[in-house]
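Working notes, beginning with the structure itself.
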Amino acid sequence: MRHLLSAADLDAAEVGEILDLAEEMALVQSRPVKKLPALRGRTVVNLFFEDSTRTRSSFELAGKWLSADVINISAKGSSVSKGESLRDTVLTVASMGVDAMVVRHMASGAPLQTARWFAELGLGVHVVNAGDGTHEHPTQALLDAFTLRRHFRAQDPDRPDALAGRRIAVVGDITHSRVARSNVELLTTLGAQVVLVAPPTLLPSGVGTWPVEVRHDLDAVLGEVDAVMMLRVQRERMSGGYFPTPREYTVGYGLTRARLGLLRPGAPICHPGPMNRGLEISGDAADSAGSLILDQVAAGVAVRMSVLYQLLGGQDDADGTTGALR
Amino acid sequence: MTQADDEQGRDVLVLGADLAGRGPADLLIRDGSFADPADARPDADRVDAAGLVALPGLVDLHTHLREPGREDAETVETGTRAAARGGYTAVLAMANTNPVTDTAEAAEHLLGVASRVGSAQVVPVGAVSKGLEGEELAELGLMARSAARTRVFSDDGHCVADARLMRRALEYVRAFDGVVAQHAQDPRLAGRDACCAEGELSGRLGLPGWPAVAEAGIVARDVQLAELTRSRLHVCHVSTAETVDVLRWAKQRGVEVTAEVTPHHLLLTVDELTGYDPTFKVNPPLRSGEDVAALRDALSDGTIDAVGTDHAPHARHDKEHAFVDAAFGMLGLETALAVVVETMVRPGALGWGDVATRMSSVPAHIARLPGQGRPLRVGEPANLVLVDPERRSVVDRDASLSLSRNNPWHGRDLPDPMVATWWGGRRTFTRS
């Protein structure tokens, strides 16, 4: 694996390898001493143009537990306002001699552009997309798949293909959600059926061509799905005219206490965080027995360890064709 | 300098070119005008143009020269050299410079610079509103009375979104036969971030959408304002099939509306955005294949009157940001005719006479330029371009005469028709 830019770049076998290795990594996570020597001498830079405490710490722990040298660079604010081009910023960091660059940016496509500039200059730096604008967040989709796979396997050990054939609802602001886009790609690759639930104002244009089912009635959907993923509603959407009031949003699309009873027994609840308790998800739902929200956070570190290992582990050639995947 | 000076005072005899599709004939260039070839002096410079097509010098309704303000991206000198290389003998220079061309002094200053360094006639476009802010009218009448004789007014880059301001602008310019060239973009439907044609791809790429209605809605309003005020409206860079429908309707009603399409909207589609390459970021955005087909049909049947390049040079670093942060625009002057040949002439949608109309005489008429867009005829100004309809090559952005390199055609195999350009009898481009 050269880069991880989009969940769409992974086929089912590759996803399986990442998730299987993440299971191994999760074992490390539960040990008293968590350090593996796998990436000793490797350098990972978390280059975050947008704040994200949880994703950054998750990548940071993942790198550190694999013994990589990890540094965090916060480049908040657009490069335009600082007067430096994005290309100059990423090339500057890359030129310090880093092995992998984990990029979070408020603009869609920035990690893809970064990877292209590196390729043009023959730089071997691996790029991981840690969330780009309203486009993709592939490691989030991987950790969601990991969490759900574990859950379904525990429920039904005789089904090794734990996600194939499952119906999974993704509820909320699909238009502006990179989590939703990556999950649609990844879950579809794994054979699951995704049901998007949102008011029409929060569905992206062209959603009709996506391999998903689109619904507007959350109450009707909840009893038909094997799991539900709630998406965060960003503050700026509330004043953007996408829906009249937060109250109305909650009534239509929030996972309220009343709606918990509509879920199939044992159907898990996911949320990528940070949560707006009381808006898209009630405290009762977030803290319910079916909630996997903290499992997702834990899975995040294991999955990112796996991804970093796939990109950097055992690789000693420059062309990036080794690693566990290819 | 150009080869112009050594030709001064010497006849140039162009032999056997096909005159805009009307068959081969000879042309004599003498003292800046066309003269009777039979009168050619024996020492005339003879140009064998057999197999070539002669067109009147092209006129671009829509050029960004970036001077004053961004001379690192383009200057009057480099922009007009690029224009000459593209076959243009006149370019209308948009007002969104720094400072904005919103006064007679600014327009005359540009005219003065161009008179010293220009390789083509530079026609200053005046801003509709002061500072392009869309609030108050700029001094339209003073610009019209100035030495620049401004007739085309545009806030291009910004839409004149306020309906009342647009109405007043249209009414006011009627006094001096002016025209308001509208950049049609409803800012409420397509805001500053909007950078991808709204549709399947904008949704998938997560790029802010620019819906067709944001253009067609403004045009629908403006053609009715033009009807109400009995004034002239020009629609810049039409990009959607919906706008074409509105234009057709308006023209049937007899509204005095004209429209232009850019070369890039005749060939490139939104699919170019898949790799988030800001070279393909332009405003209005690249659209669907259906839109491209509708625009070609409209240019063919005259619903769209003219080709305007929207030549928009940018310094490299302004294009090396994340896609939504990068500057809008692409180069166009040097490749416009190539794209028109590829998309319109070769498929048979336009003949050479139509090319002369759409790229020279009609734009000159819209801008009320007396010495441009004239027939290739004795007594007319010698604005001439010779083209080779068969020649092709792969576009190399580094071969451009523009200062900028934001060339969307780089690496593409296209017609390469440009042979030579004369502006007022002065040779401003010769293929090496």
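Residue positions begin at 1 at the first shown residue.
Using the three backbone atoms N, Cα and C, a Cβ is placed for every residue, glycine included.
Marked as carbamoyl phosphate binding site by TrEMBL: A:Arg54, A:Thr55, A:Arg104, A:His137, A:Gln140, A:Gly273, A:Pro274. Annotation comment: TrEMBL describes A:Lys82, A:Arg178, A:Arg232 as L-aspartate binding site. Among the features that TrEMBL reports, domain 'Aspartate/ornithine carbamoyltransferase carbamoyl-P binding' is placed at A:2-149. Residues or ranges marked as domain 'Aspartate/ornithine carbamoyltransferase Asp/Orn-binding' by TrEMBL: A:165-310.
Among the listed binding-site residues, namely A:Gly273, A:Pro274, the Cβ with the most fellow Cβ atoms inside 10 Å is that of A:Gly273. In the three-state DSSP scheme, A:Arg104 (carbamoyl phosphate binding site) falls into the strand class. Within 10 Å of its Cβ, the residue among the binding-site residues A:Arg54, A:Arg104, A:His137, A:Arg232 with the fewest other Cβ atoms is A:Arg54. Taking the Cα of A:His137 (carbamoyl phosphate binding site) as the reference point, the closest of the binding-site residues A:Lys82, A:Arg178, A:Arg232 is A:Arg178. Looking at the domain 'Aspartate/ornithine carbamoyltransferase Asp/Orn-binding' (A:165-310) alone, the prediction's average pLDDT is 96. Excluding A:Arg54, A:Thr55, A:Arg104, A:His137, A:Gln140, A:Gly273, A:Pro274 themselves, the residues of that chain whose CB lies within 8 A of the CB mean position for the carbamoyl phosphate site are, in sequence, A:Ser52, A:Ser58, A:Ala130, A:Gly131, A:Val179, A:Pro272, A:Gly300. Only A:Gln140, of the binding-site residues A:Arg54, A:Thr55, A:Arg104, A:Gln140, A:Gly273, A:Pro274, have a C-alpha within 10 angstroms of the C-alpha of A:Arg178 (L-aspartate binding site).
Across the domain 'Aspartate/ornithine carbamoyltransferase Asp/Orn-binding' (A:165-310), the DSSP tally of helix, strand and coil residues reads 61 helix, 23 strand, 62 coil.
Across the domain 'Aspartate/ornithine carbamoyltransferase carbamoyl-P binding' (A:2-149), DSSP helix (H, G, I), strand (E, B) and coil residues number 71 helix, 27 strand, 50 coil.
Between the CA atoms of A:Thr55 (carbamoyl phosphate binding site) and A:Arg232 (L-aspartate binding site) there is a gap of 15 Å. Least packed by the Cβ count within 10 Å, out of the binding-site residues A:Lys82, A:Arg178, is A:Lys82. Of all the binding-site residues listed here (A:Thr55, A:Gln140), the one with the fewest other CB atoms within 10 A of its own CB is A:Thr55. Note: A:Arg178, taken in sequence order from the binding-site residues A:Thr55, A:Lys82, A:Arg178, have a C-beta within a distance under 8 Å of a chain B C-beta.
A:Lys82 (L-aspartate binding site) and A:Arg104 (carbamoyl phosphate binding site) have their C-alpha atoms 17 Å apart, to the nearest angstrom.
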